[in-house]
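Participant: Quick one: this structure, given as structure tokens, is what I'll be asking you about.
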Amino acid sequence: YISTLTTSHTSSLSFQLITEFCFSKETKMSGVPFPSNLLPSDGSPEWLNKSDNAWQLMAATLVGLQSVPGLIILYGGAVKKKWAVNSAFMSLYAFACVFFCWVIWGYRMSFGDRLLPFWGKPGVALDEKYLFKQAFLGAFPVATMVYFQCVFAAITLILIAGALLGRMNFYAWMLFVPLWLTFSYTITAFSIWSPNGFLSKMGIIDYSGGYVIHLSSGVAGFTAAYWVGPRLNKDRERFPPNNLLLMLAGAGLLWLGWTGFNGGDPYSVGLDASLAVLNTHACTATSLLTWVFLDVIFFRKPSVIGAVQGMITGLVCITPAAGVVQGWAALIMGLFSGSIPWFTMMVIHKRSKLLQKVDDTMAVLHTHAIAGSLGGILTGLFAEPKLNYLFYNAYNKYVGLFYGIQMNIASTGFRQIGIQFLGILFVIFVNVVSTSLICLVIRIFVPLRMSEEDMEIGDEAAHGEEAYAIWGQGDKLENSSSKYGSSLYEDVEVAATKKNKRGSGSQIEMM
């Protein structure tokens, strides 16, 4: 090669310079010369793949943007005006609290040394000696893995918040977040994702969190909603979004952020990451369209809120399967995720006294628990052995039932389905028990639910702040007798009373 190169470029290149470059001590790695920007150094050891590390940090940031600001503005726009600040702040608090707990003890309980078959030993992830080691998977440091896994843990708590909007005592939420992270999330994460977890060793397929994140948050949110209790009756009967466009902006961040959610889980920028991203968006688009068509067929109107629900169920359903199924399977999963949760929400929920008794504000049971379980089961049917080999580096251990039958190893396919169902049962059991115990412990110290008086007022009672200035510049009125420092609520009530006394008969609904 050198001889050819020097012969054809003798006028511009020096044979001596080429020889020194190709065979210098700094550039020779296994006989292959490296460009100067890829040379190993103290800050870039030989095992570090800079491109993989860069993508992993970017993917983690995309997932973080799903929460901050994605779900913050989605929740803030989807609730009544009087709950906009509280709903958004529950998300912001959860993100910050999870990050703090994660680096102190949460990460190593989820991905560290084994304490029990389903739990890791607690420990800090702050020291440079630990953070600069190579992660348990991928060609990047532990520090990157800690960040990547942290944003997944954070969004799980924020999804739980969706079931509790409009009535949970914020002080109870402040306690709930670290307790649930410690005694629920770390258990499912270690069992399913850690190489030392018992379900991981059995061969469960959860590509990016259909079980660990979505089934967990859906079950935990529904369980917590049972213990917290419902919103005010008038809020349950009528709870219009205060800003649909804001809600759609949050939904858009959620959808696009899923590129990092599923695209980051191969821990490299290889073929599997590309397939996972494409499958994610194909399934989500199909699910949204299916939901909208069902709304048009049965209710004669395409609902914007319904479209967002269909988008979410598609994202959730494809998550456990994103990089291990073919594109045609992703479209089929989109059809199921846009129709089955629609049916459970629009038909079964309205006919079930038990489901109606529990006030699940954002319907996380349907959009996350049911869609996540559906995705896990369909993964057990459609998981393609070759794609699973790319992801798990294990040949014919992870085989969907349909491929198992086709390959004359049906027993392996049935085993995969069995493990997928076992994972569902395990996650449900852990979250019902742990969430119930956490709520029972918290209510010993603080009420789980705001008082009836405070729920009438909303943000002003919970935080002393309001989302929107209806008139003026949003200043507090001076002559205020309200114990919350603002006369807005009282003034509107007084105005309504005076108007009614004049015989207008008009009613003002406080939002």
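Note that Cβ sites are derived from N, Cα and C of the backbone, with glycine treated the same way.
Not my notes, these are from TrEMBL:
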type	residues	note
DOMAIN	54-468	domain 'Ammonium transporter AmtB-like'
TRANSMEM	54-76	transmembrane segment
TRANSMEM	88-107	transmembrane segment
TRANSMEM	146-165	transmembrane segment
TRANSMEM	172-193	transmembrane segment
TRANSMEM	213-232	transmembrane segment
TRANSMEM	244-261	transmembrane segment
TRANSMEM	273-297	transmembrane segment
TRANSMEM	304-322	transmembrane segment
TRANSMEM	328-349	transmembrane segment
TRANSMEM	361-383	transmembrane segment
TRANSMEM	417-446	transmembrane segment
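Context for these features, please: burial, neighbours, distances.
Facilitator: Nonlocal intrachain contacts for the transmembrane segment (146-165), taken as residues 6+ away from its ends with a CB within less than 8 angstroms of a stretch CB, comprise 56-57, 59-61, 63-64, 66-67, 71, 75, 79, 83, 86-87, 90-91, 94-95, 97-99, 102-103, 106-107, 110-111, 125, 131, 173, 177, 180-181, 185, 189, 209, 212-214, 216-218, 220-222, 224-225, 228, 261, 264, 360-362, 364-365, 368.
Away from its own ends, the transmembrane segment (213-232) comes close to residues 152, 155-157, 159-164, 166-168, 172, 176, 180, 184-185, 188, 239, 316, 319, 357-361, 364-373, 375-376, 424, 427-428, 430-432, 434-436, 439-440, 443, 448-449, 452, 455-456 of its chain (Cβ-Cβ under 8 Å, at least six residues beyond either end).
Long-range contacts of the transmembrane segment (244-261) within its own chain (CB-CB distance under 8 A, at least 6 residues past either end) are made by residues 58-63, 65-66, 69-78, 152, 208-209, 277, 280-281, 284, 304-305, 308, 311-312, 315, 319.
A Cβ distance under 8 Å defines the sequence-distant neighbours of the transmembrane segment (273-297), meaning residues of its chain 6+ beyond its ends; these are 55, 207-208, 255, 258-259, 261-266, 303, 306-307, 309-311, 313-315, 317-319, 321-323, 325, 327, 330-331, 333-335, 337-339, 342, 346, 387.
Residues 78, 205-211, 213-214, 241, 244, 247-248, 251, 254-255, 258, 261-262, 265, 275-277, 279-280, 283-292, 295, 329-330, 333-334, 336-338, 341-342, 345, 363, 366-368, 371-372, 374-376, 378-379, 382-383 of the same chain sit 6 or more residues outside the transmembrane segment (304-322) yet have a Cβ under 8 Å from a Cβ within it.
Sequence-remote contacts of a segment are chain residues at least 6 beyond its ends whose Cβ falls under 8 Å from one of its Cβ atoms, and for the transmembrane segment (328-349) they are 278-280, 282-291, 294, 298, 306, 309-310, 313-314, 316-318, 321-322, 355-356, 363, 366-367, 370-371, 374-375, 378, 382, 384.
Counting residues 6+ beyond its ends, the transmembrane segment (361-383) has Cβ neighbours under 8 Å at 75, 78-79, 159-160, 162-166, 205-207, 210-211, 213-215, 217-219, 221-222, 225, 231, 239, 309, 312-314, 316-321, 324-326, 329, 332-333, 336-337, 340-341, 344-345, 349, 355, 398-403, 413, 416-417, 419-421, 423-424 in the same chain.
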Participant: Going along the chain, which residues at least six beyond the ends of the transmembrane segment (172-193) come within the CB cut-off of under 8 Å?
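Facilitator: Distal contacts: 90, 93-94, 97-98, 101-102, 105-106, 109-111, 114, 117-120, 149, 153, 156-157, 160-161, 164, 199-200, 204, 206, 211-212, 216, 220, 224, 228, 423, 426-427, 430-431, 434-435, 437-439, 441-443, 445-449.
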Participant: Could you pull out which residues elsewhere in the chain have a CB under 8 Å from any CB of the transmembrane segment (88-107), counting only those six or more residues past its ends?
Facilitator: 64, 67-68, 71-73, 75-76, 122-126, 146, 149-150, 153-154, 157-158, 161, 164-165, 168, 170, 173-174, 177-178, 181-182, 185-186, 463, 467
